[in-house]
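Trainee: Take this structure, written in structure tokens, and hold onto it; I'll ask about it next.
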Amino acid sequence: MNSPWKAEASRIALVSLGCDKNRVDGEVMLGLLERAGYQITAELEADIILVNTCAFIQDAKQESIEAILETARYRGNGRCRVLLATGCLAQRYPDELLRDIPELDGVVGTGEVGRVVDIVRRAATGERVREVGPPGFLGREVLPRVPSGSPFTAYLKISEGCDNRCLYCVIPQLRGPYRSREASVLVREARALAARGAREIVLVAQDTTRYGSDLKERTSLTDLVSRLAALEGVAWIRLLYCYPSGITFELVELMAREPRLCRYLDIPLQHASDRVLRRMGRSTMSYDLRKLILFLRSAIPGLTIRSTFMVGFPGETEADFEELLGFLKAMKLDRAGFFAYSREEGTPAARMPDQVPPEVKRERLERAAAVQREVSRALNRARVGSEVTVLVEGRKGEQYYGRSEADAPDIDGRVFLSAASDLEPGTFVRARITGAGPYDLRARVLSTLP
């Protein structure tokens, strides 16, 4: 049994997996623990290790289990005295994790983020904790956060949960119903993030476009962005996870005229075959998706559109898949990611007939990615010679690197910069594009921006 020790003598490390929304949870947990007196470290030679897990699809679950098993080595042979699994995998399989991984000292569900200090203290006394209740956590106040990733970019989680009932998805089970955070709290949190050095605020949720629809004082994503754009120090505001049916004329008009709102929309479309979209439980069909993309491009000059697509959904035929490939070639999205359908227990799709064989899913995944790679390469090559504004993030060898308005952190490419003088990370420069691949650009710095 573990013996208790003083909080101020304890070092805590976090391994965070999955999406940026999960990353925010990890930053909040570390912030609460730091405020309580624990020392935060990036090294796994720590007294306490939290593994913040993902359980969206099978690959994510496997990665999370492997991460727990890897850190369990420190539980047996290193300094670690407490090992906890947090996040979506802990929410979904708490008893299985405790049964199958004896090195675990506890599991902490998605609804217990705000109680992490008490849970860690109990685990430090030797109690094997199982804290998994309804996924009801919501940041109703500005909570402390320990930043991860680039110091110049911060994620702002504007809501929790999801009310969309896509038939393949377990997120509503793991995160609960859709719950918007109060706009006043979000503005205060964004102000604090900017004061800490964030030049870019990235808004995330399971569905950002639904924001405010559940609040007593009805508000909207457009209203929230307008308030955030007035904050001092915020240069870019970026929107991810925009549900196609939730994109309003007001939001489009704001993006067209507000210079701080990146001309960038991440719109998960999932497929282009009406037959597959209906089977998925999606509400917007292919004709309307095409119409939306054409409208957005005409209304917002210079807009970058990113999307995500699933291949191998139950019943997807070769004709359905060819329709998706045709959509990619015709609509020429700037960015697109692809993943293979994962048969998740407890979802309606898992019980559907005509499950697509794994080898077919893999082959379709490769074909779709190859088509999009050539689309992206051609679009990037067409930008050679044009000018772009870049947020400088760091240096690699002789080159600096950063991102343009068209590049979201972690998921899109980079702009590699050649400069006649030293550049300061966290600043913006104007550059001319000199070369392009399917993902990254090369550019020559023309001037530094204020």
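Positions of Cβ are set from backbone N, Cα and C atoms, glycine also.
Copied straight from Swiss-Prot:
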BINDING   CYS19, CYS54, CYS88  [4Fe-4S] cluster 1 binding site
BINDING   CYS162, CYS166, CYS169  [4Fe-4S] cluster 2 binding site
DOMAIN    10-125  domain 'MTTase N-terminal'
DOMAIN    148-378  domain 'Radical SAM core'
DOMAIN    381-447  domain 'TRAM'
Trainee: Nearest to CYS54 ([4Fe-4S] cluster 1 binding site) by Cα, among CYS162, CYS166, CYS169 (binding-site residues)?
Mentor: CYS169
Trainee: I need the most crowded of these binding-site residues: CYS19, CYS54, CYS88, CYS162, CYS166. Count other C-beta atoms within 10 angstroms of each C-beta and give me the top one.
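Mentor: Max Cβ neighbours within 10 Å, all protein chains included: CYS88.
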Trainee: Under a three-state reduction of DSSP output, how is CYS162 ([4Fe-4S] cluster 2 binding site) classified: helix, strand, or coil?
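Mentor: Where CYS162 ([4Fe-4S] cluster 2 binding site) sits, the three-state DSSP reduction gives coil.
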Trainee: Specify the secondary structure state of CYS88 ([4Fe-4S] cluster 1 binding site) as given by DSSP, simplified to three classes.
Mentor: helix
Trainee: CB neighbours of CYS169 ([4Fe-4S] cluster 2 binding site) within 10 A?
Mentor: 21
Trainee: Between CYS166 ([4Fe-4S] cluster 2 binding site) and CYS88 ([4Fe-4S] cluster 1 binding site), how far is it from one CA atom to the other, in Å?
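Mentor: With the alpha carbons as reference points, the distance is 18 Å.
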Trainee: Let me know the DSSP-derived helix, strand or coil state of CYS54 ([4Fe-4S] cluster 1 binding site), please.
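Mentor: In three-state terms, CYS54 ([4Fe-4S] cluster 1 binding site) counts as coil.
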Trainee: To what whole number does the mean pLDDT across the domain 'Radical SAM core' (148-378) round?
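Mentor: Value for the domain 'Radical SAM core' (148-378), mean pLDDT as a whole number: 97.
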Trainee: Relative to the mean position of the Cβ atoms of CYS162, CYS166, CYS169, the recorded [4Fe-4S] cluster 2 site, which additional same-chain residues have Cβ within 8 Å?
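Mentor: The answer, listed by sequence position, is ASN164, ARG165, TYR168, VAL170, ILE171, PRO172, GLN206.
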Trainee: Near the [4Fe-4S] cluster 1 site, what residues other than CYS19, CYS54, CYS88 in the same chain have a C-beta no further than 8 Å from the centroid of the listed C-beta atoms?
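Mentor: Here the nearby residues are LEU17, GLY18, LYS21, ASN22, THR53, ALA55, PHE56, ALA60, GLY87, LEU89, LEU174.
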